[in-house]
Amino acid sequence: MILTAPPRLLLVHAHPDDESLWTGGTIARYAANGAHVTLVTCTLGEEGEVIPDGLALLAADESDQLGGYRNGELRSACAALGVVDHRYLGGIGRWRDSGMVGVASNAKPRAFIQGDFTEQASALLEIIKEVRPDVVVTYGPDGGYGHPDHIRAHEITTVACAQSSDVRRVFHVVTSKRATEAGVAELSAVRDLPYRLPEPGELPVTPDEQISTVVQVADHLDAKLRALRAHQTQVTVWQNDSGWSCYALSNGIAQPIVDSEYYILASGVPDGIADDLFGGLG
Ligand SMILES: [Zn+2]
């Protein structure tokens with residue numbers, strides 16, 4: 001009998017919903033295939049805008065109860081994706097959502113970007129030492145779209161992984177320019193779309209020649225859509241009878257749901273990574 005340890009994937013995300021928006025298909029696929037998936041979320045997303053009118057009083061400038069509510073949304077999303085190992089960096093409530101770049105909440109004393117960098121990187125390294133992931137996923141240096149918490153998540157992940165002898169690869173999740181443009185072109189033909197289409201260049205995308213790894217998630221889009229729907233304060237998902245689906249954040253811009261998720265190898269051996277984060281690791 002050969003006992004082979006399951007591959008171990010650890011993802012570091014800034015807020016509840018990022019795991020589903022950026023990597024929901026990847027998480028669902030690897031969890032379904034028996035990988036041990038650990039999700040680390042750095043904040044509770046307290047500064048998020050609230051989409052449903054009936055939940056508007058949860059917002060930071062009202063009752064400031066959004067963080068606790070989003071914890072419940074995240075638990076539902078984890079259930080949809082098959083994540084059984086979820087942690088908040090430093091424990092639940094340790095650091096607060098800093099808000100978008102340049103807003104007053106950036107300066108709140110508990111904001112993630114005001115936190116001690118070494119403490120944050122050390123907290124992540126402790127999780128890495130316990131979980132011993134083969135592969136770690138986070139955002140690129142721009143945080144994917146410039147959010148200061150995403151950038152900090154990238155920075156602490158880079159430092160923590162460099163101090164680990166267990167991590168064999170680090171990937172940065174990105175969105176494909178080609179796939180996004182093709183998806184928007186398809187959505188432009190849908191007549192009953194309830195959102196506005198993005199202007200050219202409005203959605204953050206990465207040129208495809210920079211992408212090292214394309215993870216097919218077509219078989220796991222149902223799980224991804226269920227996870228996105230779980231984040232009802234942040235995301236609306238739309239599907240029509242013809243099978244078209246897309247989602248929008250509070251800005252109301254239609255974003256296509258594509259059948260792959262895209263990565264750039266940041267460190268580790270590149271052999272075998274074209275379509276599998278664990279490819280060639282053996
Ligand atoms: Zn985020």
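Cβ from N, Cα, C; glycine included.
According to TrEMBL, the Zn(2+) binding site annotation covers HIS15, ASP18, HIS150.
Same-chain residues with CB within 8 A of the center of the HIS15, ASP18, HIS150 CB atoms, the Zn(2+) site residues themselves not counted, are HIS13, ALA14, ASP17, TRP22, CYS42, THR43, GLY45, TYR139, GLY143, GLY144, HIS147, ASP149, ALA153. In the three-state DSSP assignment, the secondary structure recorded for ASP18 (Zn(2+) binding site) is helix. For ASP18 (Zn(2+) binding site), the same-chain residues 6+ apart in sequence whose C-beta sits under 8 angstroms from its C-beta are THR41, HIS150.
Long-range C-beta contacts of HIS15 (Zn(2+) binding site), restricted to its own chain and to partners at least six residues apart, with a cutoff below 8 Å, comprise THR41, CYS42, THR43, LEU44, GLY45, GLY48, ARG70, ASP97, ASP149.
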